[in-house]
Amino acid sequence: MSNTKVRIYDLSKELNLDNKDILDICDQLNIEYKSHSSTISEEDAQRIKAIAAKGLASSTSKNSTGQRESASPAEEKKQKILALHKHNRPETGEEGESYPGQAGSSAKPTLISPPRPPVKPLVAPPGRDEAAEKTPPTAAEMLSHSPSVKETPTETPLVPEAAPTLIAPPNRPSLTPKPRPETASGRPEPRSKNAPGSNDRPRGEKRERGESENAPSPERRVGLAKPEKPTLNRKPDGKSPKLAEPAREVRETVELKRPVRPGLPAKISATSEEETDTTKKSGVDGTEIDTDTGLLGADGPKKLKRPTMPPRMAKKSTWEEEEEEEKKAAKTAKTAGKNKRRTQALFEDDDDLESELSGLINTPSFTLSTARPPKPPTAKAAPPGTPTAVKVKRPSKPTAHTGSPKSERQEPQEEKRPESIVVTGSLTVRDLSELMKVPETEIIRTLFFKGMAVNITQTLDVDTIEMIARDFEIAVETPSTQSAAIKTTEMIDVSDWESLQRRPPVVTIMGHVDHGKTTLLDSIRKTKVAQGEAGGITQHIGAYHVDVEHNGKPEQIVFLDTPGHEAFTAMRARGARVTDIAVLVVAADDGVQPQTKEAISHARAAEVPIVVAINKVDKPSANPDRIKQELTEQGLVAEDWGGETIMVPVSALRGENLDNLLEMILLVAEVEELVANPDRLAKGTVIEANLDRTKGPVATLLVQNGTLRVGDSIVAGSVFGKIRAMIDDRGQKVEAATPSFAVEILGLSDVPAAGDEFDVYESEKEARSIADQRAIERRNTRLQQALSSRRVSLSTLSIQAQEGQLKELNLILKADVQGSVEAILGALKQLPQNEVQIRVLLASPGEITETDVDLAAASGAVVVGFNTTLASGARASADREGVDIRDYNIIYKLLDDIQGAMEGLLDPEEVEEHLGFAEVRAVFTVGRGAVAGCYVQSGKLVRNRFLRVRRGKEIVYQGVLDSLKRMKEDAREVATGFECGVGVSKFNDWKEGDIIEAYEMVMKRRTLSS
């Protein structure tokens, strides 16, 4: 046995005691050890077990006698001795329990059942909830306890402080569930001690038992305790030995406080579970709490020191840590540091005050506080200012750090300037500053030094933006504009692949103006469309289908005729985007022209095959080989020259070789494998749109996939409609339109924009919601474009208007179709507007109405109509209001007249007009002055006109010709080849050989300068 070694902590587990308890016993027996992990001999272990067993036996005997003979005065005296424990709430709870135990035997079992749950609360805060749940069964006991509590103070007059203490602990437990957050720290306890007036025996018992069970565990911290708190506890009683026992229980309290630390909960729970086992055993005897007290009594004095100090130590350690942190923070922020020091001083004073109060009120206050969860909201605590001080400190630290985050947030704002920016159009000063990461003030200052006064909302053009960017060393990139002919939407979905069928090809006829596109189409259709076009030029897209035979089978080809005039670029691009094959018409006598090149670029952008029709080969001046050469320069090499481009010479007027052209078109269509799914909802493109005075909004749609039917809910761009009727290219009503066919539909709510794509939806509600959403987006885009297109701000506009520098021509534009409106607006933008700006107040398809006239009268605008009519009453209203209405059917004349109107707004300029030359051949002195005898070499001399006297290369005089005489008679003018006398009142220094140049200043109408 002597060789066997036992570790102290193993022994403590075996005895269900704390390591400190075992170490105390080792001190009493003079057993050497270093720590709780030291080993001792088996003999020493047996000695320790014996002493521990004696301590348990004595405590149990005392408690059992105290409970059974509570009525005898002798036993009461023993309880008075124990009453010193009453400083500790656990003991008062015990006495309270003894009385109810006598009152009714039936209450005892109920007493035993509640004590077990209370043990768990000691381990961790969640345990209390369980205890609180089990407390209700002891309601009867609570009623019986209340009188017993009153008896206790009367029976124990020897202990003046004990009596109030006994009352306080029960009240404290009763309040525990509510103030549970408050009691996380030991400070709030003094308040609760004064407050208790209710007697919650069951909860008090739980508190006492928990404390007694945890009594051994606090020994760990007791060794660190300072003697200050024990002395405070001794002062109230004056009996140091008796106070030892309460101190023991205080240790318990300290142990309970451990759960406050996040790192220790696991260990504490383990020890508390062991302690619960011991309490359960003692509870069966009915001497549960007395047993613990006996153990505590053995180590009384030491334990008094231990319990009191641990809370102090915990506070002090945290306070010291906070002080160190404050000192560090003070280095960075002096002001914040001063505030923290003040709060620290308050904290220290409150700490001392709280420790004194805890000593006067008795250690049980610490017990209750330590048993409760940590970090309570101490807002309710009136006497102790400590919690408040701590709270003040904590926020102060963050505030010290808050400065840094602000600076960090400000730093990223200073973003690096980009090396290059992408500019697609005009930008406001604010938008440019965001793009360049440069303050607006810098941009405004830069422009101001360059002589341009701008404000933050003013729009800058691309040239100005490039100039500003150069000053800030930023490159400006202008992205290449995407061709409008590029096909952006794939009309065939994956779901259509299983149901695809062949469809007719859509062929677009393109070429330069007057090269015979519409005549060629007329010859193919055997109609006379070209004769109906104003001026013989096509002014909007026409869609027609032609039935032809190919390989003995009937085939169909859908033709789109596009305008060739330069103003209709958008229409040509739109035609190329929806087409399958492009037929390029080139006049054999004219060659490749600008619109021919443009048509080639559109077809290439749309990635469609090109078939060239060389027209007018019947003319004597036709030279097809020259055309092929010019097309080769554009990258189109004829097949007979070794290329891949099909070129067919035709005569549209005579209808020569048209069958060959159609054959080539169908061959190309076969190679392209054009397919669509007719068994689905239709989708396609708006070819043209207009507002008809009788039909309302009308749109020409090209169905590219699916089948369009009457009654379908359609969304074209941002316009909703339900198809009421469909009309084909020959004026016949149809019920359905299959892929590749163009139809005119009625039933739209508004005029859609040409080029918009349309979709058919099953649900009218869904279609309406999509249309509304798109309308909002389009409105916002339009407003943004209107703002960005402002060339001047309102401030500069008013200044220029006052000074007469700004001229504006207000226009209201009405046309037959949407495409014509686009073309006219595009052409107007090409006019120079440096001195006169064009403001289009309204541009829409439809007839000219009285509303348009009223708008023109209010704004001083000119109403321009193109291929449209006047509504009833519009002409009379215009005459009454004095509004000028101009109607055109050829775009050339429209543009010429608008340019003339713009020039008419310009102030006429004074121009020098040459009159003639004369040579001085003699000088005559007349009175004080001199007169020059001259010979008119060219032109004429006119009196009261301007003249210059040139002597060699110098101009000697410049003034007015005052006197002109011929043969001593005044003459108004002298023509070439005649002699005359010239007199000038302010010039007499004539010399022979001088040249007189006569001129006059005339007012001349200005032209627009680009």
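Cβ coordinates are placed from backbone N, Cα and C, and glycine is handled just like the others.
Not measured: the values here are computed from a predicted model.
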| remark: For Swiss-Prot, the entry region 'G3' belongs, out of 41-44, 561-564, 729-732, to 561-564
| 536-540, 846-850, 966-970 - the range that Swiss-Prot marks as region 'G2' | 536-540
| remark: CB contacts under 8 angstroms to Val617 (GTP binding site), restricted to the same chain and 6+ apart in sequence, sorted by sequence, are Ala588, Pro624, Pro649, Val650, Ser651, Glu656
| note | Model confidence for the region 'G1' (511-518), as mean pLDDT, reads 72
